[in-house]
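Asks: To start, I am sharing the structure in question, which I have written as structure tokens.
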Amino acid sequence: MIIRSPEPEVKIVVDRDPVKTSFEEWARPGHFSRTLAKGPDTTTWIWNLHADAHDFDSHTGDLEEISRKVFSAHFGQLSIIFLWLSGMYFHGARFSNYEAWLSDPTHIGPSAQVVWPIVGQEILNGDVGGGFRGIQITSGFFQLWRASGITSELQLYCTAIGALIFAALMLFAGWFHYHKAAPKLAWFQDVESMLNHHLAGLLGLGSLSWAGHQIHVSLPINQFLDAGVDPKEIPLPHEFILNRDLLAQLYPSFAEGATPFFTLNWSKYAEFLTFRGGLDPVTGGLWLTDIAHHHLAIAILFLIAGHMYRTNWGIGHGLKDILEAHKGPFTGQGHKGLYEILTTSWHAQLSLNLAMLGSTTIVVAHHMYAMPPYPYLATDYGTQLSLFTHHMWIGGFLIVGAAAHAAIFMVRDYDPTTRYNDLLDRVLRHRDAIISHLNWVCIFLGFHSFGLYIHNDTMSALGRPQDMFSDTAIQLQPIFAQWVQNIHATAPGVTAPGATTSTSLTWGGGELVAVGGKVALLPIPLGTADFLVHHIHAFTIHVTVLILLKGVLFARSSRLIPDKANLGFRFPCDGPGRGGTCQVSAWDHVFLGLFWMYNAISVVIFHFSWKMQSDVWGTISDQGVVTHITGGNFAQSSITINGWLRDFLWAQASQVIQSYGSSLSAYGLFFLGAHFVWAFSLMFLFSGRGYWQELIESIVWAHNKLKVAPATQPRALSIIQGRAVGVTHYLLGGIATTWAFFLARIIAVG
């Protein structure tokens, strides 16, 4: 008989077949709620259906069930993303001029959409060069594809099919992990394991495999492309991977294989893992060898980070211990209790993630132009403007979302009885001081930033240019920004002795990179005009934060409504008979925050668009003379409100306004239509519910008279529904108007 030690018990972390798969639910709209499942009595039903369909908290109070629904929905989201990506790649394969663009990216514009002639729409197919007629695209996919080493439309086609397969796989996973093997709550709360897997797996191995792809596939293919080799002559990706001699012809150290790695002679690899800084003068993008080096380094960091947290082996960090040790002399209990909050409230978790991701997205927007990562991206001005604008809007929305979910956490998940003297409790206890100080800052910034402009407008109108704030009269130079620029410009050889050039040409240093006679990037001068508009940025950002933070800190209670938590996340007023208590819910703060976010981002993208056209983008003559698109007018024109209206909005709108009859005419129609959508929003925002209810009742009377009254009783939108429809159209109209204005302008002149 053999005596064995008892086997360690394996934790079962899934439930088998918890929810029956049935399509019957699909036929019962509102099946998740007892009230909605009864069907519509009034037209309010359809609005409530939309409002609550994804509010899993309202379907059940069981955290495990909520977690499973969210987890499953994430797979659905990934499936849609793969489907969308597949569509992008399919368009590149089937309807684009990618191969032609690859052969001459400086003279041929990217296009992946050809409009069918039905009743004259083929006018939209403009000549993008090389004899191809289509819509010029500004998504940056062509540049991304070239950087990743795609040389033919067949490769794009195969990738599109691959993405479709992945979309199907994700759809299956979403079904499987809800209906067949659903994780237990403990699995969702195992944060150390999650951190290890996400850091080492997603970020670590993800970066490592991308670095591997770049070294073995992208670098050699881009070497050939830069040297002018016909894409059809270049070996296929798998040939580089399977045949080391091919790579060794381009990078001799490949002949030695992994020997330098194991003998610690790493400098051998310096020919394809570089640390150059600056831009490649051939393509105007970052050096791809720098990018490969970066991803390898990032991979190492994340692989190490993914082994830091304590799971089955009893070594490493525990998140709870880290958080509870995190307290200083002035912070009471510090982060004690935060672990419990973040493992039981997904709103709190989501709020943090949205805030981080939103900030990161805005950082990405700025890096995309200052350090353009892909070949021929920097000289494609339409794409540069689109990428910046897109990432700024997305970042703004994510940050407002962070405040929204923080407020939902406060209302639904925060338990004041168990929290005492931790950081969150301390912030809530001195919220009046925080909000009143922030309010003072907003008033100060608003009056002073606008005051500088109004002063300039007045002096300009009185014909007293010598009394204006400008680079040629009373200077307000942004000395701190210039100091930061200078530090970075002089870093190579000083604080960064290994680098040959500074991280970005925008810092200064005098050099300019031009590709095919177009400026890719040059040092960006900052002056009084930038100082003024930066204070407008500070103002709009602080007001957005004031509104959102007030919504979070006063989500549960306020002096006006001490029992606000009982009223929920969104409510119109504190009941009848209490005047002056409308628009105080956390939801209303998010609503107002969205408008200020829109203000803030609009000023940023206007600043960027004009500054780049004035001081960066343009052409360069054989003698080295740079001619900018708007001839450097930013410094003198943007220092008055009138200048912004006349020389930016009005002057640059001429392309979109005069686009009729040209291939840009769709932008003219969008410009008009989006203005209409925006104006339509005002009808919802500036009108009371009672007005519409009265109108509806007289229309219902007429229907009754004619015996055609519907069974479902018509109702005016509730106050909150009306505001939701209003803000949606306001933002949609505003963003689409800006999009049409920017693109018609930059495609025409860029």
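Glycine is no exception: its Cβ is also placed from the backbone N, Cα and C atoms.
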Asks: Which stretch, out of 95-119, 195-219, 245-269, is listed as transmembrane segment by Swiss-Prot?
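Replies: When 95-119, 195-219, 245-269 are checked in Swiss-Prot, transmembrane segment belongs to 195-219.
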Asks: I want to verify one value. Collapsing DSSP to three states, which class is TYR691 (chlorophyll a binding site)?
Replies: helix
Asks: Quick one: find which recorded stretch in 70-93, 291-309, 385-411, 433-455 has the most Cβ pairs under 8 Å with the transmembrane segment (531-549).
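Replies: Between the stretches 70-93, 291-309, 385-411, 433-455, 433-455 has the largest tally.
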Asks: Given the binding-site residues TYR691, TRP692, and counting only Cβ atoms in the protein chains shown, which has the most within 10 Å of its Cβ?
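Replies: Neighbour-count leader: TRP692.
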Asks: Mind checking which residues reach the transmembrane segment (291-309)? Cβ under 8 Å, same chain, six or more beyond either end.
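Replies: Same-chain contacts beyond the flanks: 147, 191-193, 195-201, 203-208, 210-211, 214-215, 218-219, 272-275, 316-319, 373.
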Asks: Do the transmembrane segment (589-610) and the transmembrane segment (385-411) share at least 3 Cβ pairs under 8 Å, sequence separation 6 or more?
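Replies: Between the transmembrane segment (385-411) and the transmembrane segment (589-610), which are separate recorded stretches, there is contact, as judged by 3 or more close Cβ pairs.
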Asks: Please report how many Å separate the Cα atom of HIS675 (chlorophyll a' binding site) from that of CYS573 ([4Fe-4S] cluster binding site), as a whole number.
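Replies: Each residue's Cα considered, HIS675 (chlorophyll a' binding site) and CYS573 ([4Fe-4S] cluster binding site) end up 32 Å apart.
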Asks: CYS582 ([4Fe-4S] cluster binding site) to TRP692 (phylloquinone binding site): how many Å between their Cα atoms?
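Replies: CYS582 ([4Fe-4S] cluster binding site) and TRP692 (phylloquinone binding site) have their Cα atoms 19 Å apart.
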Asks: I'd like the number of other C-beta atoms within 10 A of the C-beta of CYS573 ([4Fe-4S] cluster binding site), please.
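Replies: For CYS573 ([4Fe-4S] cluster binding site), the count of other Cβ atoms within 10 Å is 17.
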